[in-house]
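Listed in TrEMBL for this protein:
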type: DOMAIN; residues: 196-567; note: domain 'Myotubularin phosphatase'
type: BINDING; residues: ASN344, ILE345, CYS406, SER407, ASP408, GLY409, TRP410, ASP411, ARG412; note: substrate binding site
type: DOMAIN; residues: 376-437; note: domain 'Tyrosine specific protein phosphatases'
type: ACT_SITE; residues: CYS406; note: active site, phosphocysteine intermediate
type: DOMAIN; residues: 706-757; note: domain 'FYVE-type'
Amino acid sequence: MDFTRFMNKFNEIERQLSPTSALRLSFDNISPETEEPPDGNKRLWGVPVPPFVSEKVVSWIEEEFNEAPVFYNGNSVLKKVENVRMIDRYNTKNPTVGTLYLTATHLIFVEPDSNKETWILHMHVASIEKLPLSTTGSPLLIRCKTFLSVTFVIPKDSECHDVYTSLLKLFQPVSINKLYCFNYQPNKDDFPKNAGWDYFKLEAEFKHMLVPNEAWTLCTMNEKYELCDTYPRQIYVPKEATTLMLISSSRFRSKGRLPALTYLHNNKASICRCSQPLSGFSARCLEDEQMLEAIRKTNSNTDYMYVVDTRPRINAMANRAAGKGYENEAFYENIKFHFLGIENIHVQRASLQKVLEACEQKSPTMSAFINALESSGWLKHIRSILDTSSFIANAVDKGVSVVVHCSDGWDRTAQVCSLAQLMLNPYYRTIKSFQALIEKDWLAFGHKFSERCGHIQTDAREVSPIFTQFLDCTWQLMSQRSEAFEFNERFLLILHDHVHSCQFGTFVGNCEKDRLDLKLAERTFSLWGYMANHLNEYINPLYKPNVDEAIKANLAPQCIKFWRGMYSRFESGIHPREPLGDLLLDSKEHCNSLEDHVQHLTKRIASFKNYISKSAKKLQDATSAPGKVSKELPSNEINDNKYNYDKKLSELSAADDDHPLKASNMSFASLSLSAEQSSPPQALPEEINSVAVDWKPMRNVTTCSCSTPFDQFSKKTHCWRCGDIFCERCIDKNVALPGHDSGKPVPVCRGCFRQMQKQSP
């Protein structure tokens, strides 16, 4: 109920009456306990209405304030605004007119003519700007973390103000406990709440690297996060490291982030990570020097190792004035130092903002867009991150260990350590292991996701696209070596969007300790559990599992590309109608379905042939005269199934006896099965019809059967049973088809799913 509007109207009526008017006196004398109003029929909210209050006033109050709640697709609507114009910057002269729904979690724009829906999750909103009033209404500009930029022109300024103030409160909660993940409830059949939380264990990842071993051991001093509260509980350190060395090194490093193992290559070369030392201009720590020497000694291949400072040298020197800085080469023996010049979070944030400005130009020319992109420096930053990662990967590949740090060791360090492992080891280029890499180097080692992604109201200077850059660099590697990666571009986009959506608890919090304190595994769903149900959407059809080699990034300027699929994915007219990857994946899935079906039918045919061959011999024995010695037939005649079947069937038809096999409907399907067969012959037509042999071509399909239009970023999915094309909402079921030999669950549409449910016993 809009109480302010009610009171304004009521006061307007009240002002027309004196303080001692009959209206006031009558309302004062009437209580809810009165059984009937004076005229016997008028009540408002259960309270009797005086007879002199007109029906018009009562009807107005009931109409304005007793409205039934509005729902859209099961979402309770807080505000509904009609005749809203959505402006596409490429088509400002013909804006789309529709209805805007504001719910507790989404802003939804529905175009009634095309039935197209635009859903904006509140947690995806990056900024809201109320533009100056125009002749057509009040514009509201919304920019999203998914790089969607949309303007809604709302007819009434008051309605625009209501939507604006509501979104300001909804898109960035004050408390972390108010995030979407704590209220999100998927369909009960999708996946259980605990799915995904136990997919990855840090100990298992290090066991895959054969750690612990003779050189590396598990340190138990951080079980209660006393050594470093932003590190995982299990950290691996050199066996030579003493308790004093670990404690002193932790105190000498920023935020207590001492050197710890993150990757051990098969040639004993390692990647360790830490934060900058608190060296100032002259401070030193003998135990920290001993710690780095212990790391160097774990690798017997060389007599030196690298310490890579990912910052520009001038930034590291500036930090010395604040008592921080970098290692003094005079104090650390057998170590080579390198500064590799990745800029800080503030520069990266400003750079991305300039990229968005370049993408939002109203009438971009070739030179204007390229100049704006170049002035942003974004591709230069991407190349710098790849360059540093390549240096680390090349060093480790040659058998030299590397210790990596930046300022606090949770931004640039996470980027380059994970990318170096991606280059070195094909294990991390699979879907599941890439997720494990994120769990290890980003989640466990304390990248501040909630601060960097702006999950809640916080210091805006802490927000920065660090993880977005990591995904961008991964995409650059995929573009250069597509056959080396099991996952596709859609996989990276889903990761990016859900890091910001807070729909799942996986990326909420700033470190492992935060997530345990919030009890996210008990209170929220895991992104990994959701993605496990959609793995078929993330498969790269060009992937070659036998690519067992390190990959190297081509850092030539011509090879560093602008990722159109990420930063311009919502722009119409610049994307292919069907992405090549989707077409290839669709063809591969169709071939897999047919091969599975052929394999099933081949086994069924072999089973029938085997049975008929045995039955023919039994029929021959059964029809022989009693006491008469059967004449031995040539082996080729006995094994001729068609001849034996036709011969014995004709004999049975001519016979006068009541043989059990004599029947008018004699057929292959009516034969009883041998013990080898697993399903009755009556199921054979169902098995044949359960698999679509022909799939509808994707090319000319523009809308789903539910009238949802397909655009450049919505995936078209085939039903494996009927072969038709559906949107993701209409094909949310996976079942095993009777005509497939593997028995694996495959996507089917809702109609086919209901039909199969009716057919099942």
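Keep in mind that glycine also has a Cβ here, set from the backbone N, Cα and C atoms.
TrEMBL entries are annotated by machine, without manual review.
Values in this document were obtained by computation on a predicted structure and should not be read as measured data.
Residues of the domain 'Tyrosine specific protein phosphatases' (376-437) grouped by DSSP class, helix first, strand second and coil last, total 45 helix, 4 strand, 13 coil.
Cβ neighbours of ASN344 (substrate binding site) (same chain, under 8 Å, six or more residues apart in sequence): ARG311, ASN315, SER407. Neighbour count (other Cβ atoms within 10 Å of the Cβ, all protein chains): 28 for CYS406 (substrate binding site).
Among the binding-site residues ASP408, TRP410, ARG412, the residue whose Cβ has the fewest other Cβ atoms within 10 Å is ASP408. Broken down by DSSP into helix, strand and coil, the domain 'FYVE-type' (706-757) contains 8 helix, 13 strand, 31 coil. Apart from ASN344, ILE345, CYS406, SER407, ASP408, GLY409, TRP410, ASP411, ARG412, the substrate site neighbourhood in this chain, defined by C-beta within 8 angstroms of the site C-beta centre, holds SER275, THR310, THR413.
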